[in-house]
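Student: This structure is in C-alpha coordinates; I'll ask about it shortly.
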(Lines of atoms letter the chains of each structure in order from A and count residues from 1; the text may use other names and numbers.)
(Lines give C-alpha, C1' and ligand atoms only; values in the text may rest on other atoms or scores of the structure.)
Protein backbone atom coordinates (compact mmCIF):
# COMPACT_ATOMS: atom_id res chain seq x y z
CA UNK A 1 0.00 0.00 0.00
CA UNK A 2 1.37 3.36 -1.01
CA UNK A 3 1.82 5.96 1.70
CA UNK A 4 2.00 9.72 1.59
CA UNK A 5 4.62 12.18 0.41
CA UNK A 6 5.32 15.71 1.56
CA UNK A 7 4.28 18.35 -0.98
CA UNK A 8 7.56 20.20 -0.54
CA UNK A 9 9.25 17.57 -2.72
CA UNK A 10 7.30 18.66 -5.81
CA UNK A 11 8.99 22.06 -6.35
CA UNK A 12 12.36 20.55 -5.44
CA UNK A 13 11.96 17.83 -8.07
CA UNK A 14 10.73 20.41 -10.60
CA UNK A 15 13.77 22.66 -10.20
CA UNK A 16 16.17 19.69 -10.24
CA UNK A 17 14.63 18.41 -13.48
CA UNK A 18 14.71 21.86 -15.09
CA UNK A 19 18.40 22.26 -14.27
CA UNK A 20 19.13 18.83 -15.75
CA UNK A 21 17.09 19.72 -18.85
CA UNK A 22 19.04 22.90 -19.54
CA UNK A 23 22.42 21.27 -18.88
CA UNK A 24 21.69 18.31 -21.16
CA UNK A 25 20.24 20.34 -24.04
CA UNK A 26 23.02 22.93 -23.83
CA UNK A 27 25.73 20.26 -23.73
CA UNK A 28 24.29 18.40 -26.71
CA UNK A 29 23.83 21.54 -28.81
CA UNK A 30 27.26 22.95 -27.99
CA UNK A 31 28.94 19.60 -28.66
CA UNK A 32 27.14 19.29 -32.02
CA UNK A 33 28.18 22.81 -32.96
CA UNK A 34 24.60 24.02 -33.40
CA UNK A 35 24.98 26.92 -30.96
CA UNK A 36 27.82 29.01 -29.65
CA UNK A 37 29.38 27.86 -26.42
CA UNK A 38 28.85 31.31 -24.92
CA UNK A 39 25.46 33.00 -24.65
CA UNK A 40 22.94 30.87 -26.58
CA UNK A 41 19.23 31.44 -25.98
CA UNK A 42 17.58 28.63 -24.03
CA UNK A 43 15.23 27.74 -26.87
CA UNK A 44 18.15 27.73 -29.34
CA UNK A 45 19.71 24.82 -27.45
CA UNK A 46 16.59 22.75 -28.17
CA UNK A 47 15.86 23.77 -31.75
CA UNK A 48 17.93 21.41 -33.90
CA UNK A 49 18.16 17.62 -33.73
CA UNK A 50 19.20 15.62 -31.82
CA UNK A 51 19.02 18.06 -28.90
CA UNK A 52 15.48 19.13 -29.85
CA UNK A 53 14.16 15.60 -29.27
CA UNK A 54 15.63 15.35 -25.78
CA UNK A 55 14.75 18.97 -24.98
CA UNK A 56 11.10 18.50 -25.96
CA UNK A 57 10.70 15.33 -23.91
CA UNK A 58 12.31 16.78 -20.79
CA UNK A 59 10.40 20.06 -21.08
CA UNK A 60 7.12 18.12 -21.21
CA UNK A 61 8.09 16.39 -17.98
CA UNK A 62 8.99 19.75 -16.42
CA UNK A 63 5.66 21.22 -17.53
CA UNK A 64 3.79 18.30 -15.96
CA UNK A 65 5.67 18.69 -12.68
CA UNK A 66 5.09 22.43 -12.81
CA UNK A 67 1.35 21.91 -13.20
CA UNK A 68 1.40 19.52 -10.22
CA UNK A 69 3.23 22.13 -8.13
CA UNK A 70 0.71 24.81 -9.05
CA UNK A 71 -2.23 22.51 -8.25
CA UNK A 72 -0.65 21.42 -4.96
CA UNK A 73 -0.17 25.06 -4.01
CA UNK A 74 -3.80 25.76 -4.90
CA UNK A 75 -5.08 22.94 -2.68
CA UNK A 76 -2.86 24.10 0.17
CA UNK A 77 -4.04 27.69 -0.28
CA UNK A 78 -7.72 26.70 -0.34
CA UNK A 79 -7.21 24.61 2.80
CA UNK A 80 -5.75 27.55 4.69
CA UNK A 81 -8.38 29.98 3.39
CA UNK A 82 -11.26 27.70 4.42
CA UNK A 83 -9.86 26.97 7.87
CA UNK A 84 -9.20 30.66 8.51
CA UNK A 85 -12.72 31.55 7.32
CA UNK A 86 -11.40 34.11 4.85
CA UNK A 87 -13.67 36.21 2.59
CA UNK A 88 -14.77 34.93 -0.81
CA UNK A 89 -12.35 37.34 -2.51
CA UNK A 90 -9.45 35.27 -1.21
CA UNK A 91 -10.82 32.20 -2.98
CA UNK A 92 -11.06 34.20 -6.20
CA UNK A 93 -7.39 35.14 -5.94
CA UNK A 94 -6.54 31.48 -5.32
CA UNK A 95 -8.35 30.44 -8.51
CA UNK A 96 -6.63 33.19 -10.50
CA UNK A 97 -3.27 31.96 -9.21
CA UNK A 98 -4.14 28.42 -10.31
CA UNK A 99 -5.13 29.52 -13.83
CA UNK A 100 -2.00 31.63 -14.30
CA UNK A 101 0.24 28.82 -13.08
CA UNK A 102 -1.36 26.26 -15.40
CA UNK A 103 -1.03 28.66 -18.35
CA UNK A 104 2.65 29.05 -17.52
CA UNK A 105 3.12 25.27 -17.51
CA UNK A 106 1.20 24.87 -20.78
CA UNK A 107 3.27 27.58 -22.43
CA UNK A 108 6.50 25.91 -21.31
CA UNK A 109 5.34 22.68 -22.92
CA UNK A 110 4.62 24.55 -26.16
CA UNK A 111 8.13 26.03 -26.14
CA UNK A 112 9.58 22.53 -26.08
CA UNK A 113 7.29 21.08 -28.75
CA UNK A 114 7.06 24.00 -31.21
CA UNK A 115 10.65 24.67 -32.27
CA UNK A 116 11.65 27.99 -33.81
CA UNK A 117 12.47 26.38 -37.13
CA UNK A 118 9.23 24.36 -37.26
CA UNK A 119 6.29 26.46 -36.04
CA UNK A 120 7.58 29.89 -35.10
CA UNK A 121 4.17 31.33 -34.14
CA UNK A 122 3.49 28.41 -31.81
CA UNK A 123 6.91 28.83 -30.22
CA UNK A 124 6.38 32.56 -29.65
CA UNK A 125 2.90 32.03 -28.19
CA UNK A 126 4.30 29.41 -25.82
CA UNK A 127 7.17 31.68 -24.78
CA UNK A 128 4.83 34.59 -24.08
CA UNK A 129 2.48 32.33 -22.12
CA UNK A 130 5.40 31.04 -20.07
CA UNK A 131 6.97 34.37 -19.23
CA UNK A 132 3.90 36.64 -18.97
CA UNK A 133 1.78 34.10 -17.09
CA UNK A 134 4.80 33.29 -14.94
CA UNK A 135 5.28 36.94 -13.97
CA UNK A 136 1.59 37.39 -13.17
CA UNK A 137 1.59 34.10 -11.23
CA UNK A 138 4.51 35.31 -9.12
CA UNK A 139 2.87 38.70 -8.56
CA UNK A 140 -0.50 37.31 -7.47
CA UNK A 141 1.09 34.64 -5.29
CA UNK A 142 3.33 37.24 -3.62
CA UNK A 143 0.31 39.41 -2.91
CA UNK A 144 -1.72 36.48 -1.57
CA UNK A 145 1.10 35.24 0.65
CA UNK A 146 1.18 38.63 2.38
CA UNK A 147 -2.52 39.58 2.50
CA UNK A 148 -4.38 36.25 2.50
CA UNK A 149 -2.00 33.68 3.96
CA UNK A 150 -0.07 35.77 6.46
CA UNK A 151 3.32 34.42 5.41
CA UNK A 152 6.44 35.66 7.24
CA UNK A 153 7.62 39.11 6.22
CA UNK A 154 10.95 37.88 4.88
CA UNK A 155 9.17 35.39 2.62
CA UNK A 156 6.73 37.70 0.88
CA UNK A 157 9.44 40.37 0.60
CA UNK A 158 11.72 37.81 -1.06
CA UNK A 159 8.93 36.81 -3.44
CA UNK A 160 8.24 40.45 -4.28
CA UNK A 161 11.92 41.05 -5.05
CA UNK A 162 12.04 37.94 -7.25
CA UNK A 163 8.91 39.09 -9.09
CA UNK A 164 10.49 42.51 -9.71
CA UNK A 165 13.70 40.93 -11.03
CA UNK A 166 11.64 38.56 -13.19
CA UNK A 167 9.71 41.44 -14.73
CA UNK A 168 12.84 43.53 -15.30
CA UNK A 169 14.66 40.68 -17.02
CA UNK A 170 11.64 40.00 -19.24
CA UNK A 171 11.64 43.61 -20.46
CA UNK A 172 15.37 43.74 -21.12
CA UNK A 173 15.34 40.46 -23.04
CA UNK A 174 13.38 42.25 -25.76
CA UNK A 175 15.16 45.60 -25.39
CA UNK A 176 18.65 44.14 -25.80
CA UNK A 177 17.40 41.66 -28.39
CA UNK A 178 16.09 44.50 -30.55
CA UNK A 179 19.35 46.45 -30.16
CA UNK A 180 21.37 43.40 -31.22
CA UNK A 181 19.74 43.43 -34.65
CA UNK A 182 17.55 41.01 -36.61
CA UNK A 183 17.60 37.41 -35.43
CA UNK A 184 18.04 34.75 -38.10
CA UNK A 185 16.74 31.23 -38.33
CA UNK A 186 17.96 28.59 -37.87
CA UNK A 187 19.87 29.75 -34.79
CA UNK A 188 23.38 30.82 -35.65
CA UNK A 189 26.51 31.10 -33.59
CA UNK A 190 27.29 34.68 -32.64
CA UNK A 191 30.93 35.68 -32.75
CA UNK A 192 32.43 38.24 -30.40
CA UNK A 193 33.49 40.43 -33.32
CA UNK A 194 29.97 40.74 -34.77
CA UNK A 195 28.02 43.95 -34.55
CA UNK A 196 25.46 43.81 -31.77
CA UNK A 197 27.14 40.89 -30.01
CA UNK A 198 27.24 42.70 -26.66
CA UNK A 199 23.49 43.39 -26.79
CA UNK A 200 22.88 39.79 -27.84
CA UNK A 201 24.88 38.55 -24.84
CA UNK A 202 22.95 40.86 -22.51
CA UNK A 203 19.61 39.68 -23.92
CA UNK A 204 20.57 36.03 -23.48
CA UNK A 205 21.84 36.68 -19.95
CA UNK A 206 18.53 38.29 -19.02
CA UNK A 207 16.62 35.27 -20.34
CA UNK A 208 18.72 32.82 -18.34
CA UNK A 209 18.41 35.06 -15.28
CA UNK A 210 14.63 35.21 -15.66
CA UNK A 211 14.31 31.44 -15.79
CA UNK A 212 16.67 31.07 -12.82
CA UNK A 213 14.62 33.55 -10.79
CA UNK A 214 11.43 31.66 -11.65
CA UNK A 215 12.99 28.42 -10.40
CA UNK A 216 14.03 30.12 -7.15
CA UNK A 217 10.47 31.41 -6.78
CA UNK A 218 9.10 27.87 -7.02
CA UNK A 219 11.58 26.80 -4.35
CA UNK A 220 10.07 29.35 -1.95
CA UNK A 221 6.91 27.21 -1.97
CA UNK A 222 8.79 24.62 0.06
CA UNK A 223 8.34 26.73 3.20
CA UNK A 224 4.53 26.46 3.18
CA UNK A 225 4.19 23.05 1.55
CA UNK A 226 6.49 21.33 4.06
CA UNK A 227 3.56 20.86 6.47
CA UNK A 228 1.23 19.34 3.86
CA UNK A 229 1.19 15.83 2.44
CA UNK A 230 -0.19 14.18 -0.68
CA UNK A 231 -2.14 10.97 -0.12
CA UNK A 232 -1.95 8.17 -2.65
CA UNK A 233 -4.88 7.73 -5.00
CA UNK A 234 -7.49 5.09 -4.18
CA UNK A 235 -9.17 2.90 -6.79
CA UNK A 236 -12.67 1.60 -6.04
CA UNK A 237 -14.89 -0.72 -8.01
CA UNK A 238 -18.13 0.89 -9.10
CA UNK A 239 -21.15 -0.97 -7.64
CA UNK A 240 -23.23 -2.87 -10.21
CA UNK A 241 -26.72 -4.31 -10.07
CA UNK A 242 -26.73 -7.65 -8.26
CA UNK A 243 -23.28 -7.20 -6.75
CA UNK A 244 -22.60 -7.72 -3.06
CA UNK A 245 -22.00 -3.99 -2.57
CA UNK A 246 -25.38 -3.03 -3.98
CA UNK A 247 -27.23 -5.74 -2.00
CA UNK A 248 -25.91 -4.41 1.27
CA UNK A 249 -27.38 -0.95 0.59
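Any Cβ shown, glycine's included, is placed from N, Cα and C.
The domain 'CWH43-like N-terminal' annotation in TrEMBL covers 8-227. The feature transmembrane segment is assigned by TrEMBL to 12-29, 49-73, 93-114, 120-144, 156-179, 199-223.
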Student: In the same chain, which residue numbers or ranges, 6 or more beyond the ends of the transmembrane segment (199-223), come under 8 angstroms Cβ to Cβ?
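Tutor: Distant contacts of the transmembrane segment (199-223): 8, 11-12, 14-15, 18-19, 22, 38-42, 66, 69, 73, 131, 134, 138, 151-152, 155, 158-159, 162-163, 165-166, 169-170, 172-177, 179-181, 190.
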Student: Report the mean pLDDT of the predicted model across the domain 'CWH43-like N-terminal' (8-227), rounded to a whole number.
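Tutor: The predicted confidence over the domain 'CWH43-like N-terminal' (8-227), as a mean pLDDT, is 89.
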Student: Give residue numbers and ranges for long-range contacts of the transmembrane segment (49-73): same chain, 6 or more residues beyond its ends, CB-CB under 8 A.
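Tutor: The answer is 7, 10-11, 13-14, 17-18, 20-21, 24-25, 28-29, 32, 34, 97-98, 101-102, 104-106, 108-109, 111-113, 115, 137, 141, 218, 221, 224-225, 228, 230.
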